[in-house]
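Here's the structure we're looking at; comments come further down.
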Amino acid sequence: MPRILCVEDDAETASLLAEALVDLGYTVERASDGEAGLSAIQMSPPDLVLCDVRMPGMNGLDLLEQLAAAAPHLARIPFVFLTALDDRDSEIAARRKGADDYLTKPIDFEMLAVVVEHRLRAGRGGQSQDAFGHLTGREREVLTWASRGKTSAEIALILDLRERTVNFHFDQAMKRLNVVNRTHAVARALSLRLID
């Protein structure tokens, strides 16, 4: 079931969006501002982000820009902006920052359903939604041992590899799982049942 992160500072709007998306069969998580949204994406990357443009503190455009700078592989997550602004300049700015789509408020829920379905199907850069399942056997082994508390050096000894080779497999797994560190890679792989 695809997981959507809704980054929206207006609680009522966030509740309406979450309710509509849950009714469509999606799992929805919420963040009330840009900082919380950035943290949520980095900790457990969603399949799609719906994000308000105007929020106090870090706005939606800043969130997308900081995400691309901090973790470029996470910038592939489909990103749809929501805004009360119905002007061409705002839409152009959002698309230049990397937004995949742009919906105006009040939200047309039928259009929201179509946009979300399309963006999830298309993904970013043609990446399919089941790409998370494609870990190599060695990446699975490395993550399995890490889930048991083993360090890179210990895993290297167990698998009769060099430590830098173990680190390479960790790096590849992190890219495939769209996470920023090993702990998140292990957590993501466990949650997706890619490892035991």
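Each residue, glycine too, has its Cβ placed from N, Cα and C.
Lifted from TrEMBL, the feature list:
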type    : residues : note
DOMAIN  : 3-120    : domain 'Response regulatory'
MOD_RES : Asp52    : 4-aspartylphosphate
DOMAIN  : 128-193  : domain 'HTH luxR-type'
Filtered by Cβ under 8 Å and at least 6 apart in sequence, the residues in the chain of Asp52 (4-aspartylphosphate) near it are Val7, Glu8, Asp9, Asp10, Thr13, Gly60, Phe81, Leu82, Thr83
What does DSSP give as the helix, strand and coil breakdown of the domain 'HTH luxR-type' (128-193)? 47 helix, 0 strand, 19 coil
Mean pLDDT across the domain 'Response regulatory' (3-120), rounded to an integer, is what? 87
